[in-house]
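Undergrad: Residues annotated as domain 'H15' in TrEMBL: 25-91. For 1-26, 86-124, the entry in TrEMBL reads region 'Disordered'.
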């Protein structure tokens, strides 16, 4: 009989568990992202990926998807900001971000159009 590895057996020193059997515990992505950003004055997504891959021994198969999810969530919550494709920590002394374009005209509250009964738009 051939000597083979029985996957039903418990792993021993002679037969380590297969890669698919290892349960992945998710690393703390927000903390790792802040560490990667803190090492320099902001960095892009590639630098963040390289930093995480150099510090973590094992990463889940969906590593890039999880990274994108956490980056977007941190960006929406205001923990990080993105400026010219670089993720940085927000500056507390920076002025608030202004909107783009011309602001809309304020609508007067007293006037209420549409009560004349006439149809609006082009006549038939």
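Keep in mind that glycine also has a Cβ here, set from the backbone N, Cα and C atoms.
Unlike curated records, TrEMBL annotations are generated automatically.
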Undergrad: Would you report the average pLDDT that the model assigns to the domain 'H15' (25-91)?
TA: 85
Undergrad: May I have the DSSP-based helix, strand and coil counts for the residues of the region 'Disordered' (86-124)?
TA: 0 helix, 3 strand, 36 coil
